[in-house]
Amino acid sequence: MRLIVIRHGETEWNIQHRYQGQLDSPLTEKGRRQAEAIAHRLADVSFDRLVSSDLGRAVDTAKAIARQHPGLPWEQDAGLRERNFGMLAGYTRDEAAKEFPREEEGYLHGGVDYRIPEGESLRDVFHRAGRTFDQLAERCAGETVCVITHGGILGMFLRHAVGIPVEHTRCYKFVNAAYNEFTWEQGHWLLHVWGDISHLGDIGAMDDL
């Protein structure tokens with residue numbers, strides 16, 4: 001399977017530095033331009049299916065791609081949702097530090113097994129991302145698939161695919177609307193392209209959850 005994975009375009013909460021998680025925030029004007037730019041880059045790729053998170057920011061990014069591929073099968077998968085930030089969702093970092101200082105401290109320094117109340121730990125997301133993409137590879141053998149997801153899931157999938165332990169400090173970026181490509185070959189993932197934003201030109205992009 002050939003897999004092209006895209007993070008959604010920039011959202012209002014991205015630029016406000018709010019924890020989005022599984023709540024939603026609309027794409028900014030820049031985010032819509034990013035979505036159109038990646039859609040044009042992918043216009044000549046012959047996809048077998050489009051798969052997106054069911055959260056609005058991923059759906060809106062997927063819509064731009066779908067317009068370039070009339071009739072392309074499109075499914076939504078809740079396994080591709082962003083990390084559940086639980087009680088921190090919707091708050092800026094400063095607001096969370098004031099309202100929930102213990103939980104904010106746990107999120108920042110509690111390690112990969114710290115589970116935000118009502119939410120997920122990093123290890124939870126790591127396992128969910130690996131399981132979701134491995135199942136997709138098994139189900140879509142021989143296909144070319146475009147996936148639209150979120151920064152947290154994308155980063156955990158990269159770790160799963162290339163063997164970066166979940167405990168290691170992040171050493172990569174997951175930029176809005178960047179182009180990332182993998183293949184599934186003989187039961188394992190190969191990384192071909194990561195974080196290519198050449199199609200964004202002057203639009204630019206940010207690395208922020």
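Each residue, glycine too, has its Cβ placed from N, Cα and C.
Unlike curated entries, TrEMBL annotations are predicted automatically.
Per TrEMBL, substrate binding site is recorded for Arg7, His8, Gly9, Glu10, Thr11, Glu12, Trp13, Asn14, Arg57. Here the Cβ of Arg57 (substrate binding site) has 28 other Cβ atoms within 10 Å, regardless of which shown protein chain they belong to.
Within 10 Å of the C-beta atom of His8 (active site, tele-phosphohistidine intermediate) sit 30 other C-beta atoms, taking all shown protein chains into account. The annotation active site, tele-phosphohistidine intermediate is assigned in TrEMBL to His8.
Taken from TrEMBL, the feature active site, proton donor/acceptor covers Glu82.
In sequence order, Tyr19, Gln20, Ser25 make up the list of same-chain residues 6 or more apart from Trp13 (substrate binding site) whose Cβ falls under 8 Å from its Cβ. The record gives Arg7, His8, Gly9, Glu10, Thr11, Glu12, Trp13, Asn14, Arg57 for substrate. Within 8 Å of the mean position of their Cβ atoms, the other Cβ atoms in that chain belong to Gln20, Ser25, Leu27, Thr28, Gly31, Asn176. Pairwise Cα distances among Arg7, His8, Gly9, Glu10, Thr11, Glu12, Trp13, Asn14, Arg57, which the record gives as the binders of substrate, peak at 15 Å. Sequence-distant contacts (6 or more apart, same chain, Cβ under 8 Å) of Thr11 (substrate binding site) comprise Gln20, Ser25, Pro26, Leu27, Thr28, Gly31, Arg57. Residue density at Arg7 (substrate binding site): 30 other Cβ atoms are found within 10 A of its Cβ, drawing on all protein chains shown. For the pair Glu82 (active site, proton donor/acceptor) and Arg7 (substrate binding site), the Cα-Cα distance reads 10 Å.
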